[in-house]
Structure formats: C-alpha cells, structure tokens
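Visitor: Got a structure for you, questions after.
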Amino acid sequence: MTLARRRFDALIIGAGGAGLNAALQLANANLRVAVVSKVFPTRSHTVAAQGGVNAALANVFEDNWHWHMFDTVKGSDYLGDQDAIEFMCREAIPTVYELEHNGVPFSRLDDGKIYQRAFGGQSQNFGGAQAARTCAAADRTGHAILHTLYQQNIRARTHFFDEYFGIDLIRDEEGAILGALTLEIETGEPLLIEAKTTLLATGGGGQVFRTTSNAHINTGDGMAMALRAGVPLMDMEFFQFHPTGIAGRGMLITEGVRGEGGYLINKDGERFMERYAPNAKDLASRDVVSRAIVTEVKEGRGCGPNADHVLLKVDHLGEDIIAKRLPGIRESSKIFAGVDPAVEPIPVFPTAHYMMGGIPTDRLGHVVIPSSDGSEEIVPGLFAAGECACVSVHGANRLGGNSLLDILVFGRAAGQQIINHLKENPEHRAMDESSVEQAMSRLSRWEETGEGIPVRELRDEFRKVMEDHAGVFRTDEIMSEGVEKVKEVREKLKDVRLGDQSKIFNTARIEALELENLIDIGMAIVLSALERKESRGAHSRPDYTERDDENWMKHSVYFKEGDRLDYKPVQTKPLTVETFPPKPRVY
Amino acid sequence: MKFIVYRYNPDVDTAPHMQEYDVEVTRGMMLRDALMEIKRQDESFAFRHSCGEGVCGSDAVNANGSNLLGCTTPVSDLKEPVNVRPLPGRPVIRDLVVDMSQFYQQYRAVQPYLIHKDPLPEKEMLQSPEDRDKLDGLYECIMCGCCSTACPSFWWNPEKFYGPQALLQAWRFLADSRDQATEERLDALEGPYKLFRCHSIMNCVEYCPKSLNPTKAIGKIKELMLKHSI
C-alpha cells in the first residue's frame, strides 16, 4: 500500500483559538495552509471559555498594558518570563481590536465600546484598585471568538482536514520538522502531510485527571508528539485548579461571576475569602482562591452532606444582571447542579483546569530546546502556540482572562513569524522515510490482537493515580508514590490491546492513541512536581510551604528520554521596561 | 435502565440493527454518561462527544424521537426503554456518527462571516448596546445540527434549501450593525428554494438545545427581502 501524501506551506495541528488565529494570518497572506483537527473546528475547547480576554483598552477605568504586565508577573508568582509577558500585554490591545474587526460580538458599554469586566488578580496602578480589563461577550466569550475565527478562515479559504488525528511529527536527521503523519478518523487511513513549517496548537491535557473542566478531547496530543520528537516540556508541575467547578462534576462557573459581584461562603455562611485575601477577597488570583477553598473543606467548614464543597452566592445580583451577563452560567447551573443561581447558591469546588506548562517556545512561537546555561536551540520548522505551548507567560499561576489572550496573541504572532520563515525557507526539505516508518509503527502497534488490558481499564487506573498523587496539595511521600505508579501504568501500556480492529470511525483506536499521550504528559507532571521542593502559585506543598526564590526561581524542563529533568533560568528582563523584582504576594 | 441503540459498522455489518444495553443509572446521569457507559461495555460502539456541557455541539443524537444533546439531557427525563438513533436524514458513517458535510456546505453558502467594506477604525467599530442585543439568540448557535436534521424541508431538498441553521447564521450577519453586505446577502438568498422552502413547521425551534429560534430569524429575512424588493 502506498501512503497518501499532501504538501502545504504550513501545517497547523489543532483548530482552537491559537491554531485558527495563526491559520488566518497565513491564509490572508495567500499561503497554502492546512489545519488538521481531530474534531470539527468549532468543537475545539476554546469554545468553552466563558469570562473573557484581557486587554488594557481602558474602556471602563483608566488602564495601561504596563499595569496588566505587573499583574501578570505577580500572578505568575514571579516564574513568568518578563519579556514574553510584556509582549503579550502590549499585543493584547491590537489583538482584541482585530478580533472585533473580524466580527466577535463583544458585549457593549453605553458609549458603544467593548464591555470590560472585573476579574481576579487584576489591578490599576501596580496593585491598586480592582481593574476592569476583561473584554467579554456575555459569558460565552470563547464561543464568540472561536466561531468568528472559523468564519474568517472560511472566507480566507484555509484548507481544513476535519476529524484527522495527528500521530507523530516527522523529522530528518538534522532535527528539522517536515510535517506530520495523520490519520483520517472516518476511513482509518493514514495521510502524510508534508509542510515547510508545522505549528502545534493542540490545547491542553486536563483529561489526565478524573475531574476536570476540560473536554473529552483534551488529551495533550501535541505535547506528547513534541516529547516523542525529542523536545522537552517545561513547567509541567503547574497545573491550575479553577476555584469554581460545579462540585463533583467539573463544569466551570466562570470567575466572571465573582467579577460581577458573586462571592464564596462556607457552611457557616461566612465570606471566608476575606480571611485569606483581605483586599482582593473573592477576586484574589486563582491559586489563592483554590487553596482557600480546599483549606475550608479540610478544616471542616465545607457544605453539603459530605462537607466537601463551598457555595458561590449570586442571587443578590438580581435577575437582570444574571440574564444579561451570566446567561450561560445560569443554564449550566440548572442543568448540572440542579440550582437556579438567581434563587440558590451554586455548590463549587476546585477543578483541574489549565496547564501553565507545555512545549517551550520563544515569544514568536519558535519551539526551542532550553538548557540550564540559559541558551536555547530552535527546532527548525517547528512552532507551537496556545495551551500546549509554554512561552512562558503564566509561570506558576495563570490569571483569569489571560488564557484566551495567550492563545490569541501567540497564535497570531506564530502565524506572522511563519510567514517570515517561509520567505527565508521557500523550499520543502527532502522527506525522511525512516521517520515516516517510525510514525507508521506507532499506528500499527494497535493492530496487535489477543488477550490484554482494555484501554478503558488502564485509563481509569492512570487518571485515579494522577488525581490522588498530583492534586491541589502535594507532599513528597504522596508524589514519590505517584511517580512509581505512573511508571507502572506506563509499563502496562505494552499489554493494552485494542479489541475493535475495524477501520471506519474507530473511536476506540483514537482513545488508545490518546491514552499513550496522556501517560507521557502525566509522567512529565508528576516528576516535575516531585522535584520542585517549594510552594509557588498553582504548585502547593504542605511539606515545603514557602516560595523559595533562591533555589527555585527557575523553569523545570522534562525530557522523555531517560525521564530526565533539567532547569532553565527565568527571563527577568523585559523588552523595554524595568524588571519587576519578586515580592511576597499579598491580595 | 434499558437503552436500545442504533448500530451499524459498514466494515462488519451488512445492515443496521438495534442493540440493547443495560446501564446502571446514577444520580445526575446524562444521556452522554449513559452512552459512555455503553462504550465501556462495548468498545466497538461509536459516537461523537466532547465538552460534556452543551457548548461544543458534538453529541447531538435522536433519543426517543427527539433531536437533542446527550450531555445536557438527564436520563431521568427519558422514557424507558430509551431508543437512541443517529440524527435523521443524514448518511450514517457508523453507529451514531453521521455525515454532516452537506450541513456544513449550507453554512458556508450563506457567507457566515462579517463583511465590512469601509476602512477599519484604529480601535473597535462602535456598536450600541441595543444593536448588540439584536445578536442575542443568534450568535450562540453551536452548529449541532439538531434543527436542520429535524426539518422536513431540509429532508426533501437538502441540495437546495439552506436549512434553519444556515439561515439563522445568515440573519446573524444581516442583523449585525457592523456588517456592510446586506444587499449581496439578500441577493444570494433569492429564488424559490434557499430561503423560501421554509414552511414555518417550527421543528427547528422545538429541538434547538440552546433555545434559539431559527423560524423567527427566517421570518426576519423574508421581511427584509420584501422591503428590499420594493
């Protein structure tokens, strides 16, 4: 059988906010761009983002990108790279205006400008009064943006490969990336896409945990493809738990609810955030609120028959605000928690939500292999953007409203940089057939039949290990055990057998390939977390309760080969302004 | 709880058949959870799903005769035994997975993107809250296909009638104060089929899981068309 092949200037894997914004830049420049997506593009998880996207437009109060930058550096618990953060906060402004010009139906203020709401961790004047910086389309901002980007890509004639799964990157002996092997889900046929440049934009991997706000498709595919191509993953221990998932279910209740004036209470009806963050209260940054909720529950002040959650009170906002600004939240609270927030409070608990770590890139989207001496080596032909990438702007904790911003700014920047790259590298490089064969063997491994462990059984075991051993609070003992258990799970992978060998739309085969990806990034998470002996941002350890800037103000870098960890210094020098030196975080 | 599910895999089956599964129902279980449970019992069962919270539109199916989203339909709302079938009127790829290409073609046919011809301002194009309110009930569409695949006009003329979903999108851009292609949009909807095959049967309204109203949107387009032709 001969392998089907197609050629493009650029290949983009993933059709969420980052992939589609990159694709749009390229298609508008009349380049041949292929977007490979394992689901129809508007099914990408960007669609679920609720609250909004940050940009210092100053539509409500005075604002500027420098204040936004300060909040982002502080929010990152000083682990974010300040050059990348400066770039993101400055680029936020033209990026949001471009989205508006593309048709995003932002909510509006009386003067016709884009509506901006308050969100956690954001201030005016370097830590002063609460800022209103988060541009929102009601509580469906991600939906509005994703659909608009898809629509503009239709106009620009981007070539979509819908329901194709990325198997592996193809690379030559010099380490240059030549495209990827993909699988057409409908027919079960492989397709080799040769490209002068490849952009990984596959989103997050929340499915490593049992309870998550992430969709079924968020299985870390791009990160695992990078790992298998010899690229490390950076800062994987920093997995954000969103403070307000619907208790026991995981669907998200946006921070925008608290931005509109909602607040948290414990079983005594006490507004407990006042104790943990006397100024910002319920609008402290997410890691702070998540830890506070878990502490309340651990100390016996949780609500419900099992005392295992807290309550988010909204009813005092009134029907009007709820109907206008939070219609989606009202809908999902009714469906999944059985409560109408206009009448009763919503039961909530922190939920695995967002990866701050990922494929290391510079701020233009080039994938780089960092090393401890501070140098970075560019992987030729490979770019990454969005949640699967680590630029790194979130450091140890992501501010709400900065995730849409990250994917859109860096997706756009990567698209523009790919255009430059293609001017300098107009030819395809020769295909490396041995690398193609290697990728094909990953596929054919699942044709082995006979007795074995079913995919679902190992997946359940793995996700339980991750939840038990890499959750909100992590001790040395719990995590050492976790590393061993993930190793055992990884060992068992070779005994997993796929029962269904049919070719047509075989979702069982996709889930098997996804499981391999999940386990690879799970290992990156537990190992990086075990070795980081401090508490910082989203990484919280009862056995090392303090942030340790002397030893740990550095990025972790995990290589799959030999499960090796390395570290890289934090880039503390911004592009044009003064450094923000680390300070204790007070909210 | 008993589920009777449509099964067809062209790789191994000569004809479709219905298969029974027993699923232990837990509190708060949605139809999607039940389908996932069936998938655990029987790896060969295929269906699309993703977000699990009614925003991605992947898991639209037909259960007990109604088009709905699996992830937002509590099993307790369904009469037992629950008959689960693929969305009607579309070619079946496998089990509950249908071919939606035509539906997407119709979407693309209405030019579903903002067209603005004047030079762009440096900042945002201003839009009053009242003008923005006109997009409520339109932009929220998740393209699940529940409406169009429940529409008899769509079953009869799938090549010519654009169907409720695409027409809702057509109105979403006609209604946007920032869009400057009203004339072209209306011209492109001329003729007896694309728009006018809607006979206000309102199945689309009944089955939209986001409570949108394509029939009303189509009515608005017809009104505008009339004004336009005078």
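Placed from the backbone N, Cα and C atoms, the Cβ positions cover glycine too.
Quick paste from TrEMBL:
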DOMAIN    A:9-404  domain 'FAD-dependent oxidoreductase 2 FAD-binding'
BINDING   A:14-19, A:37-52, A:D221, A:E387, A:403-404  FAD binding site
MOD_RES   A:H45  tele-8alpha-FAD histidine
BINDING   A:H242, A:T254, A:H353, A:R398  substrate binding site
ACT_SITE  A:R286  active site, proton acceptor
Visitor: Translate the DSSP assignment of A:V47 (FAD binding site) into the three-state scheme.
Guide: helix
Visitor: I'd like to know which binding-site residues lie near chain B: of A:V39, A:R43, A:V47, A:S403, which have a CB under 8 A from one of its CB atoms?
Guide: A:V39, A:R43, A:V47
Visitor: How many Å separate the Cα atoms of A:R43 (FAD binding site) and A:H353 (substrate binding site)?
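Guide: Given the Cα positions, A:R43 (FAD binding site) is 18 Å from A:H353 (substrate binding site).
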Visitor: Could you name the residues, excluding A:H242, A:T254, A:H353, A:R398, of the same chain that surround the substrate site, i.e. Cβ within 8 Å of the Cβ centre of those residues, in sequence order?
Guide: A:S213, A:Q240, A:P243, A:L252, A:E255, A:R286, A:Y354, A:G400, A:S403
Visitor: Let me know how many other Cβ atoms fall within 10 Å of the Cβ of A:V39 (FAD binding site).
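Guide: The answer is 24.
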Visitor: Considering every residue in the domain 'FAD-dependent oxidoreductase 2 FAD-binding' (A:9-404), what is the mean pLDDT value?
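Guide: For the domain 'FAD-dependent oxidoreductase 2 FAD-binding' (A:9-404), the model's average pLDDT rounds to 96.
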Visitor: Long-range neighbours only, meaning 6 or more apart in sequence with Cβ under 8 Å: which ones does A:H242 (substrate binding site) have?
Guide: A:S213, A:L252, A:E255, A:R286, A:S290, A:P350, A:T351, A:H353, A:Y354
Visitor: Can you tell me how many other Cβ atoms are located within 10 Å of the Cβ belonging to A:G51 (FAD binding site)?
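Guide: Looking across every protein chain shown, the total is 30.
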Visitor: What are the sequence-distant neighbours of A:V47 (FAD binding site), meaning same chain, six or more residues apart, C-beta distance under 8 angstroms?
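Guide: The list for A:V47 (FAD binding site) reads A:G142, A:H143, A:L146, A:H147, given in order along the sequence.
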Visitor: Work out how many Å separate A:G51 (FAD binding site) and A:T254 (substrate binding site) at their Cα atoms, rounded off.
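Guide: Their Cα atoms are separated by 6 Å.
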Visitor: Quick one, of the binding-site residues A:T254, A:S403, which Cβ has the fewest other Cβ within 10 Å?
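Guide: Each of the binding-site residues A:T254, A:S403 was scored by Cβ atoms within 10 Å; lowest is A:S403.
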Visitor: Please work out the number of neighbouring Cβ atoms within 10 Å of the Cβ of A:G14 (FAD binding site), leaving out its own Cβ.
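Guide: Around the Cβ of A:G14 (FAD binding site), 32 other Cβ atoms lie within 10 Å.
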Visitor: I want to check the contact list for A:R398 (substrate binding site): same chain, sequence separation of six or more, C-beta distance under 8 angstroms. What comes out?
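Guide: Sequence-distant Cβ neighbours: A:G75, A:S76, A:Q240, A:R286, A:Y354, A:M356, A:D406, A:A538.
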Visitor: CB neighbours of A:H353 (substrate binding site) within 10 A?
Guide: 25
Visitor: In the three-state scheme derived from DSSP, which category covers A:T254 (substrate binding site)?
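Guide: The residue in question, A:T254 (substrate binding site), is coil (DSSP, three-state).
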Visitor: Under a three-state reduction of DSSP output, how is A:S403 (FAD binding site) classified: helix, strand, or coil?
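Guide: Helix, per DSSP.
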